[in-house]
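Report on the following structure.
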Amino acid sequence: MNHSHNRFGRKLRKFGPLYLMMIPGLIYLAINNYLPMFGLSIAFKDINYRKGIWGSDWIGLKNFEYLFKTSDAYLITRNTILYNVAFIIIGLVVAVGVAILLNEIKNKIASRLYQSLIILPFLISMVLVSYLVYAMLSIDNGFVNKTILPALGLDPISWYNEPKYWPYILVFVNVWKGAGYACIVYLAAIIGIDPEYYEAATLDGASKWQQIRKITIPLISPVIIMLTLLGIGRIFYSDFGLFYQVPMNSGALFDTTNVIDTYVFRGLMQLGDIGMSSAAGFYQSLVGFILVLLSNYIVRKINRENALF
Amino acid sequence: MKKSLMGVSALLISTMLFASACSSGGNDSAGSASNAGASSKPTEKSVELTVAFPIFGAVPKDMQVVQDEINKITQEKINATVKLMPIGFGDWQQQTNLMLTSNEKLDLMAVFGTSYSNMVAKGQLVPLDEQLEENGQGIKSALEPDYLNAAKINGNVYAVPTIRDLAVDYGILMRKDLLDKNNIDAASVKTLDDVERVLKTVKGSDANFTPLIPGAVGMTLREGYVVYDDLGDSIGVLPDFDNGLKVVNLYETQEYADFVKRMHNWYKAGYILKDAATNKTTQFDLIKANKGFAYMSRQKPGFETVESKSNGQPMVAAELLPPVATTSSVTSIMWGVPVNSVNPDKATAFLNLLFSDKDVINLLDWGVEGKDYVKKSDGVIDFPEGVDASNSGYNLNMGWLFGNQFLSYVFNGDDPDLWTKMDEFNKSARKSKALGFIFDVTPVKTEYAAVSNVITQYKLPIEMGSVDPDKILPEFISKLKSAGIDKIIAAKQQQLNEWAKANSVQ
Amino acid sequence: MNKENRAWQWSAHTVLILFSAACVLPFLLLVISSVTDENAIVQNGYTFFPDKFGLQAYDYLRQQSSLIFHAYGITVLITVVGTTASLLITSLLAYPLSRRDLPGGTALAFILFFTLLFNGGLVPTYLIYTQLFHIKNTLLALIVPGLLMNGFNVLLMRTFFMTTVPVPVLESASMDGAGEFKMYYKIVLPLSLPILATVGLFQGLAYWNDWNNGLIYVTDPKLFSLQNVLNRIMSDIQFLASNSSMSSHASDAIAKLPSETFRMAIAVIGVIPILIAYPFFQKYFVKGMTIGAVKG
């Protein structure tokens, strides 16, 4: 008894300050995230304000029905997943590639200039991005139809009526807009690598390419894994602006642009039903959650150190 | 250690949850108590009413002055003051929803037809029948009973329609310069065939000029030419505003097929703006930039003058469909008392002033006399010297929002008899057989979400003529069916039958 | 060897120049559009070489200048205060979580991660903040809800602390009698300048660009941040676009709507200050204190 008490005391002395440090953050989590979680119940309720959120009737899974009882259910699920997979993979390759190249640049001024420029797209709101895309793709006045296609001897394309081009357009826009942001994270990771590793490798006669493969990538892999796991967690979510504003809500494109978020938005615009929108969010979170648990489990099996939790 | 930490945090969270539940309950009583304490008069306490309404753009500089002036009147007449709470139109839905859910103080608010039945279904509005009897005689005498009753849900009025253009007529608005140039008499334009003829003439041989543009951003051509009662949402409609009260699927009607076919022919002939289905430029900017000649839309008395000003050039209107009053046209803009109100009696009394007090109305519509406007002649006003729309301290120009527009002054340039004509327009308008029927969508929410999606997918391209209806319309209809439109229509029919029985409509 | 290096330099420059161009050209188009004549845009669309320039958009902004300057002030204030507070709270939580020996660390990381996926939604959050903490129409409303600490940033920082701060260094410092707070301040933070700069940048951008808190928790125009002022205009436009039935009433309002050039000008005045402040972050974006220095 006494013995274990002592050990506890020692542990407390050792880790007490660490727990103390976490208090502000944990309090914030409790207030900002966990207290409002009672709202998750809204997904299972028929909300009537006269009865309040607590008093409203439970209705089981009825709020979820509209997500599945539609012929579009397969389409929107497929689109959402495929786009996210493409975003995760292509986004990763581009961001890591650019970060590595940025790190290679010896000229400090050029390096800083590139760094500032590639973050620009991240600063422009999706609505404005949609104008810029429109500036490129407009039928009459678009840069592509007016300048590029005639130069190549091709006929103008009615971009906003042709669903087949949009997977490429949307992936491009997403990578273009987000790569700068992710790139900064990876760059910070690469900068944090101890230069001694490279010096040693250079002495051993390793080529640049070998150094990247054997040193850089393995050492930033915790960050890559973390960002990828988070991407997987949000695999049922999609950037509403990207899929709604950028294709200009054009009905002709729905086959390749309709995703869960846009479907929910369009379906509930008139209804404005909080129960049904909560249900959609709950469904998206749940799927992402299960997938992350699985992936995290796999990561844990391979390398315990890299697991998120 | 691991376990205990989890346990502690769970406990922490649950206590805080409990605390929040208590405090939100306790807050109400605190709110009303402080209100009671604020009274200074021994006889009857003066109440402050929070009044929310949507505006476009920034809050006018003179909002506070207007509020003070209104309070001088209300203090005397109903022993209450108001706190005006203007909210941006774009934020309106979300902000009011949050205020209503969290039981914040709100005594009177604008209510829009699109969310009205939802708000009533969710219990957010106070029934007003008894209130109107006691505190709202001014409303009852100003508003034709048919129109007040149009807002009834299950026999109760929950919100009062503002007095403005309560019926709708559809027509085409054309640029005068091009009409003159081509020697076209606008009065001769009465049907779609006439419109087609005019478009052909105006287009002439200019391959790049597309004369017809959408009547508003996101509005299809079909929405500018409506020949049925939309029964709230165009999902299940009454053709010719009667049809023996039999609800039909709009998209299956012959009229619809004919109309979109005609639009497609126009589109192919180059009469319609090429990217009409994705257009995001306003009709005014398109006209100003010479990208169009005319658009079809809802009209009303005085429309020509208003739109000419907006387009920066003279426009001529031609009516294609006579005015009809439907539930949608009447209930589109209303005022209601939310259940949050601490004093529904006073709130109704203030609403009554909005329908009967010329001074209050003109303060809200035009601001303070001498500062924001000056009287020109009887009932006509203008900006004071050195003031214009860009530097005016109060230029909301939203008479249609604040109660009884017929009590407001007419701005210089508009027809001095505008309100007489508008009143005549409302009185003479045909009334849809289903005027007063409001659909409650709750029983078919699931299907409604799916059908809404199908409609957004097809509506714009097909109704702007940019796709071939022979190919697309059958696909559209079959997708609507599989989304469950028939179930919605059946529910609507059933509710309509019940409504007809309760109101003895034959 | 040297040749290889030069080849790398060349190809790196080429790729980065192309990538930067892809990023900067659309932005340039935006700037040019903001000074293009309004009718020219409707007629000919956006172009790098407009037929006619015009400053209408900026004239409109100048008319509103007192409002906009005030809003700039609010934005700068919340960005500075918010980012500082946020960096402190985030790193204080991330450091203990990065310690593999911390009992309960995994569970806490999970609790943190859970918030990234599940949230109670807007209405419950609003209820908590307004009914329990009464922050409606205060500056705190612009700083605290949703923004003050982001689980993503905590996890990011934690991962960095795990990889860039070697355990032996911490252990030897501990042997020397350094307390946890001292180690956090003297070793962890100096070693992690790049990630602090990164998270600081993300937080700063989040505060600078946020309009959501203002929309939800603020109705007093005196507290509007820059993005709130600008976003109100944009949301009016969106509203009219999706509620065309209002068009016959709102003719006057639609006609007064700021044109497309104005929307571009809005973006320009929102972004320029960021570009000016950006080099400040880059300064910390060099290698932090080397591990060798700490060891020595």
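Glycine too: its Cβ is placed from the backbone N, Cα and C atoms.
The feature transmembrane segment is assigned by TrEMBL to A:12-31, A:81-102, A:114-137, A:165-194, A:215-237, A:281-299. The domain 'ABC transmembrane type-1' annotation in TrEMBL covers A:77-295.
Where the transmembrane segment (A:114-137) meets the stretches A:12-31, A:81-102, A:165-194, A:281-299, the count of C-beta pairs under 8 angstroms peaks at A:165-194. Distant neighbours of the transmembrane segment (A:281-299): 40, 43, 64, 67, 225, 229-230, 232-237, 260, 306-309; these residues of the same chain sit at least 6 beyond its ends, with a Cβ under 8 Å from one of its Cβ atoms. Proximity of the transmembrane segment (A:215-237) to the transmembrane segment (A:12-31) is not established, fewer than 3 Cβ-Cβ distances being under 8 Å for residue pairs spaced 6 or more apart. Remote same-chain partners of the transmembrane segment (A:165-194), defined as residues 6 or more beyond its termini with a Cβ less than 8 Å from a stretch Cβ, comprise 82-83, 86-87, 90-92, 94-96, 98-100, 102-103, 115, 118-122, 124, 129, 133, 137, 157, 159, 215-216, 219-220, 223-224, 227, 239, 242-243, 246-247, 253, 256-257.
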